[in-house]
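Participant: Before anything else, here's the structure in question.
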Amino acid sequence: MEEGSSGGSGSSDSNAGGSGGVQQRELERMAEVLVTGEQLRLRLHEEKVIKDRRHHLKTYPNCFVAKELIDWLIEHKEASDRETAIKLMQKLADRGIIHHVCDEHKEFKDVKLFYRFRKDDGTFALDSEVKAFMRGQRLYEKLMSPETTLLQPREEEGVKYERTFMASEFLDWLVQEGEATTRKEAEQLCHRLMDHGIIQHVSNKHPFVDSNLLYQFRMNFRRRRRLMELLNETSPSSQETHDSPFCLRKQSHDSRKSTSFMSVSPSKEIKIVSAVRRSSMSSCGSSGYFSSSPTLSSSPPVLCNPKSVLKRPVTSEELLTPGAPYARKTFTIVGDAVGWGFVVRGSKPCHIQAVDPSGPAAAAGMKVCQFVVSVNGLNVLNVDYRTVSNLILTGPRTIVMEVMEELDC
């Protein structure tokens, strides 16, 4: 995160040394730990460090063995020694990101005990700060969609800033995307995002107001974190590079000196493979179903893109046309040890490409060809499958999905 540009001292800066500044730094710290923990969780799923394990005739889903994980951290140069690895994992335990499977040990120990990420068993505490953070992360992912052009280089008071959004346009977008039902509600959401340090005015001079003022996200959600950063007690902003899309730096007017504004090179950018299963990568079977989780490795993920199951392209407008031959259905799907068991594909709207016949989605009644209308109450008719998948993967284990099904499909 960035504390703000050098372009003047705003009202937020005046409290930097007081309780407001301390609270802001704590929110930034919490957000960094959440992102770091989530990136580690996904890597461990991908490399099968997290898996179902048995002990005394009982199966513990989605677990890792503390001793094995410490070996892995050292092998992958995420920790220099075992003592450091223990300290790193204790940081995640202290933040409620991991825990002993039976909650019998508060301390992370270098022994053969089972631990689990709380996000993998539905016990992750969603307090107001975490909810605001997850909402902000999801909004950013939607804004990064190729179909969205809201984030643009713009000038304010003679200074050029990258990846900005205009307040009034952002409010329009929030209502249009179903993130808020009214403009007032959208503005209240922006105030919450600002209060939690997720967005800010480009030069940190103004609160959020419905105007032509420019704002940015404070945090680079996509930057690959090193686990060792958890031991760095300084402000996370010192770890952001100038190539971060969230850096609030003044931009040169000389286009020859401008940067590409990418957090990482395209080949190393975080990939999201939208199979909506939390198990490790596997090849695509003849049925078109495959299981995977988002991969954070530098090498491209194995992507399986079977031919669309749809008979013909369908638009969101067509689905919502009065009298259209589509029926609405709502499913409550509780993820099992490896996920939810379906594949989403397409854009505006997304559709169900494949369903694991033995998975939770099939048991709830999900079928191929259905169009995804909403996820946990949020309208997703106008986003692509990557955004839908990220919404599901970063949400609770129990998901409520509304779909529309063609009557003769």
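A Cβ is built for glycine as well, from the same backbone N, Cα and C atoms used for every other residue.
Owing to the predicted nature of the structure, the values given are computational and were not obtained by experimental measurement.
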Participant: Per Swiss-Prot, which of 46-64, 179-197, 217-235, 255-273 is motif 'DDEX motif'?
Facilitator: 217-235
Participant: Swiss-Prot tags one of SER145, SER244 as phosphoserine; which one?
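Facilitator: That would be SER244, per the phosphoserine annotation in Swiss-Prot.
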Participant: Between SER203, SER280, SER308, SER347, which does Swiss-Prot record as phosphoserine?
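Facilitator: Per Swiss-Prot, phosphoserine applies to SER280.
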Participant: If you look at how Swiss-Prot annotates this chain, which of 34-39, 160-165, 274-279, 286-291 comes out as motif 'BetaTrCP degron motif'?
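Facilitator: Based on what Swiss-Prot states, motif 'BetaTrCP degron motif' spans 286-291.
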Participant: When the motif 'DDEX motif' (217-235) is classified with DSSP, how many of its residues are helical, how many are strand and how many are coil?
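Facilitator: The counts are 5 helix, 1 strand, 13 coil.
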Participant: Please list the DSSP helix, strand and coil residue counts for the domain 'PDZ' (330-407).
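Facilitator: Here the numbers are 14 helix, 35 strand, 29 coil.
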